[in-house]
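This report refers to the structure that appears directly beneath it.
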Amino acid sequence: MAASTSRQPHQVPLPPSPHKPVNSGKKTTSRKGKGKENLASATQGPEVTTDISWDNLESESNWEWSSLTDPSASKIPPIITKDGSYFFSLVGSSVKIHSVATGQVVSTLSAPRSASSGTSSDLLTAAVLNPHNAFQLITGSLDGRLVVWDFLDAALLQVINIAQPIHYLCAHELWKDTVFVAASRPSKKSKTGGIDDNAIVIRVSLKPVDKTTKSAEILPIGKTRFPTGLTLSPSGAWLIATAGHKVYVAASSSLASGFTKYVSPERLTCLSFHPTDEYFATGDDKGNVRIWYCLNDSLPVNARGVEKKTQTTTLHWHAHAVSSLAFTSNGAYLLSGGEESVLVIWQLHTGKKEFVPRVGAAINTVSAFKCGGGEEEYLLGLADATYLFVGSGSLKISRSYSRIKLDPAVPHGSPSRHNSTPLAFHSLTSTLILPSSHPSSLQIYSPSSSKLVSELEISPSNRVSRRDEKPVVPSYVEQLVISPSGEWLASIDVREADDDFRDEIYLKIWRWDQKGGRWTLNTRVDRPHGLKKVTCLAFSPLSQSFSIHLVTTGEDGNVKIWGLRAVKGNLGMAEEFWITRSAFGFRSELPQWATWSRDASLLAVVFGPYVALYDPTTNVLCHTLTSPKGKTIRTAHFIGKEGRYMAIVGDHDVTLWDLVSHSVRWTYEALMTIDRVIPHTEGDSFAVFHGYFSSQELPKTRVSILRAVSSAPASSHSIPFRLRNFSLYPFSRKLSGQVFVGITYDWRVVLFGDGAKLAKEEGSTATEIASSSTPIRRTLFQDIFGYSAFAEPPTVSTSVDGMNRPRSGKAATDVFDSPAYLMPTLEHLFNPLMDGFLKHRPDDAPEHVVPEEEEEVDMEEEPAEPVLVGDRSSRVVNQEEMDAFVEFFKKHSVKCLSTAPVNGRSGNTIKAKVAVTPRHSTPTYAPTNVRISKQSTASRHDAPAFGRGEDTASSSPSISAMNGRKRKKPLGG
């Protein structure tokens, strides 16, 4: 019988030490006849080592990291306060409180993490204001917790745990300390994907059991599918829920009877109730908006399980699913938005519609509110985390607020999902250039102010949504690089071929306009490498002996160097543009990568398994480097402040060459795939990035720091995400450490590295909201009579350097109380002593000029006008004057005036006509013919301010009375 080959756990040998040679037990491959490999081994220096220590490292530290963006764009409609001063947005597990006037985050509410083990269990899914206390906010999350906040004091008041994931939440003033919740109902059979399609609507009391977080009363109302909406009617008489293809209706007076179901032909996506009448609107995944009038129908006594159909009004414009609905405050209009990036305003009584097109991204949420007593506004939440305000009168975007626009991640797939992500730094403005929400544009972000500066459209495109189910493939920015001086920007934008068009590839070079503070297009090159793809872009560093150049490599096998040419324009001024200076190749290999040395004296180009070093001035091949194992090389980098070393990067190995001795210093091998290598700008170290999945199938990135002296990693770190693109962060204040910035696969912009912590921004923590932070609005009387008429009496503040400053002359004379032999000399004593008696005159004080005597000239006397000396004091209106104005406007109304007799002839009476003006029409005014009497007007002292009977020429003040000056009698008058 054959012996068993299994071994016990204690018989398994331990893994070898990272610094000891590894004997795998396998037969080594013979190296006979490997002349090139033997030659390469012979030329290696004494420090050549081969190490796989990356996979055996035991010490690995978690690198510090912080996010510059929110985790995702919120799909929950923002909650607006009663006075319209603030709105709440649910982002991840936090509530951000924004100011409506400025858009800035004034406070962030974050509840303590629950004991649930889920990674997304604490995500907030619903929020509502307490109907009995307008300063309290109630939130619900997937961990089953209801949290009550006092958002003015930023205080957590209460926590209720119902132990079921919460999806929707609503409340009404008829039920005190009670909310209605749509929560997931766990089923016995778990579905693939972990998503439970069953839900239940329950009534939860916010009063807890003593010394627990459990609710004192939970009343189930009915079961539904996965909910898409939950609301109560304004009267509180009806509870409405939507899920799947059905609308669930329950009378609040008989909740125990359950729901009555109304069937919809399409799957429902959103829900909104009319603010005054008893009907509601729904949107579905086919773009239909339906108005339901089923609440007037007679419901059965036992409604549980009953399905009915009812008449509805259908409004259809959207080509795709309706994402959000909202009624205006007066109920006359219905707002809808979706993937088309168009806000549609429906007039319910006529069925007509108006549009606010091209808002920038797909619309996630729509809300309508009134800010104080002003005009009603519409608040749009876009898929790229931007908030837009639209005026209801003008239907134009009044203002928008965004930090970093996220990728909208539309369901039809964006080209940016499978292409490289551009990332660059602009040294002149200390800004980051990132991909925008549309793949054909870039956004410019300032890390110092945490604000979005501007947006640059690289490729003009018509931002339309998809047609039917076929995605529209727009042009996208594939590569981006900025010159070290910050003056030039080069980009590659691509439009992929389809059935009607061929591939489009453009090289565009932009120049920074210092005066205008923007990028302007300087040169455009169509198909710089023919129909083939451009694989690399690189500007040459600053050099006194070598002007700036741009190198491009393409899959056509050519390396092109571009340079500037200056010509005289029409106005005689020199104009610069970019042209091809030279083009070359290497054997039949395709170039994949190009990089410049620090002094621009060498150009390194990767051709398959070779790295060719060229003199960029003459294009002469200086040297050729290879990998010791002859594998394909992906990238190459100059290492060290002077660029003495070159790191050749393969799929699983890094080889360091010494360019002075033309020898290999060491080789570093890893079992995991190397994503990228980034050299340090100052020292001889560089970072090697490896992306992998941990044992929990969570994406992670490990970073190993290597130095030129040894192949053993100096340190190893990990970060809990994978990266699309990353680079050194040049704005870090730590010169010794390394800080990087990157874009993750879920489109977050993060900083990571040694001390990569951002300074706490205003509003990033729970902060008490001061009442003075809300701007004071102007009243009606202030608009009529001016703001200064109701201002507080000015307080005259005396200057500190003037009469309120104590005279120090008496104190200065105390110095004479000392004996004369202890006093300093007169030269040292004079200046300090005189400063105590005399007042110092500031340097910017105006000089006193003696006015010269003017020669007397006989002039016609005119009435003297009052001369204001100094600041004009504000007139203070007392209470009696205000009461008089109020009584005046109460007793008198504006009446239609008839024209007074002009030159003895009676004018026609003007009758006021009342016309109904369209909602958005512009009023027109008819010109008024004014006739001036030829009679001489009286002086200001004789003529009354208003006409007295028949003595006046018109009912308006005369021109002379308005001017307040004498007029000479006309000749012949």
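Each residue, glycine too, has its Cβ placed from N, Cα and C.
As recorded in TrEMBL, the features of this protein are as follows:
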COMPBIAS  40-49  compositional bias 'Polar residues'
COMPBIAS  920-938  compositional bias 'Polar residues'
COMPBIAS  939-951  compositional bias 'Basic and acidic residues'
COMPBIAS  952-961  compositional bias 'Polar residues'
COMPBIAS  964-973  compositional bias 'Basic residues'
DOMAIN    429-688  domain 'WD repeat-containing protein 75 second beta-propeller'
REGION    1-49  region 'Disordered'
REGION    920-973  region 'Disordered'
REPEAT    268-292  repeat 'WD'
REPEAT    315-356  repeat 'WD'
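Note on the repeat 'WD' (268-292): residues 228-235, 237-238, 240-247, 262, 310, 312-331, 334, 336, 338, 346, 348 of its chain, located 6 or more positions outside it, place their CB under 8 angstroms from a CB of the stretch. The helix, strand and coil residue counts that DSSP assigns across the repeat 'WD' (268-292) are 0 helix, 16 strand, 9 coil. In the repeat 'WD' (315-356), the DSSP tally of helix, strand and coil residues is 0 helix, 23 strand, 19 coil.
On the 0 to 100 pLDDT scale, the model's mean across the domain 'WD repeat-containing protein 75 second beta-propeller' (429-688) is 91.
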